[in-house]
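Pulled from TrEMBL, these are the features on record:
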type: TRANSMEM; residues: 6-27; note: transmembrane segment
type: TRANSMEM; residues: 48-65; note: transmembrane segment
type: TRANSMEM; residues: 71-96; note: transmembrane segment
type: TRANSMEM; residues: 108-128; note: transmembrane segment
type: TRANSMEM; residues: 148-168; note: transmembrane segment
type: TRANSMEM; residues: 175-196; note: transmembrane segment
type: TRANSMEM; residues: 216-233; note: transmembrane segment
type: TRANSMEM; residues: 245-265; note: transmembrane segment
type: TRANSMEM; residues: 271-293; note: transmembrane segment
Amino acid sequence: MGLSEENLIGLTLALVSSGFIGASFIIKKQGLKRAAAISGVRAGVGGYYYLLEPLWWVGMITMIVGEVANFVAYAFAPAVLVTPLGALSIIVSATLAQLVLKEKLHPLGFLGCVMCIAGSVIIVVHAPKEQPIKSVLEIWDMATQPAFLAYVGSIVVLVFILVFHFAPSCGHTNVLVYTAICSLTGSLTVMSVKALGTSLKLTFEGENQLLYPETWFFMLVVAICVIMQMNYLNKALDTFNTAVVSPIYYAMFTTLTILASVIMFKDWDGQSGVTIVSEICGFIVVLSGTILLHTTKEFERISSFRGSAPSSPSLSVRLYNGNDDFVLQHDEENEAPSESMCSRRQELY
């Protein structure tokens, strides 16, 4: 199935986004290493000298460019196509870590990269073609259809229960609580981002959509959902092992986003059963590759901790902690083994 011009633009932007976001991890890490070498205090233990390091800001700007490209991609292509491709940023960061930072990628990690690429190709080939949208009012009609209102209502109720009942009692012991809040909220974030992005796209094309209150409503929903999503994602990353949080969050977030897009924008209408099954299979392959990559990272971290002492840092060095700062774990492990062991045990609970 050939890609439409709109899908091709969205695909290109999604790939550019993954490239910039994946590269930003490596650039930020280099900046943090420089800052730690100068100040003697790592970001992971409360140091903020990295804010004065130009290289770290280059990494931040690179990440912002990637996020903007991802935002615009939703205005051109369906979420079923754009969202799963976010996994490609992991491949970019893993590849650059091996080339630039000389970090070793386990053979199974390489297999995970291949699976992500293969699954992405399957998704791209079978991506649905969106119907052209001429006004934000059309999107509003989609957002207020009974099926999607039922979905939104279910999300709001589930998030309310998780935030006020489960989070206080078992949020720090069950990884599914925080990640579920992030994922449920994230699916609404993407739908609102797509609606807002399409409105801005039409505005730039000469059809001013800022005159409609619906555009501002979508903007408000984006702001609220993003703040809530980032808050609980940081809590999850700060409380649990990143290798556990990341694949669970990716699986839940992407699944719910695809479901929301299928309900609201009817992405699968007009597609054959074979095409839909192919898209689902592509997503499962990407998901499996992502899990394999993170599992390999955790396996290498444990092996290194038990005394393998590789000559160069393994890929298990964390890309970020709960505050989106990089943690140079190998240095910490070498300096304070007993303290590191305690922290590792806490991560696994």
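For all residues, glycine too, the Cβ spot is worked out from N, Cα and C.
Each of 6-27, 48-65, 148-168, 216-233, 245-265 was scored by its Cβ pairs under 8 Å to the transmembrane segment (71-96), and the highest score goes to 6-27.
If one looks beyond the transmembrane segment (6-27) by at least 6 residues along the same chain, the residues whose Cβ comes under 8 Å of a Cβ in the stretch are 55-56, 58-60, 62-63, 65-67, 69-70, 72-78, 81-82, 85-93, 95-97, 100-101, 124, 127, 129-130, 132, 319-320, 326.
Counting same-chain residues at least six beyond the ends of the transmembrane segment (148-168), those with a Cβ under 8 angstroms from any Cβ of the stretch are 142, 174, 177-178, 180-181, 184-185, 187-188, 259-260, 263-264. Stretch with the largest number of CB pairs closer than 8 A to the transmembrane segment (216-233), among 108-128, 175-196, 245-265: 175-196.
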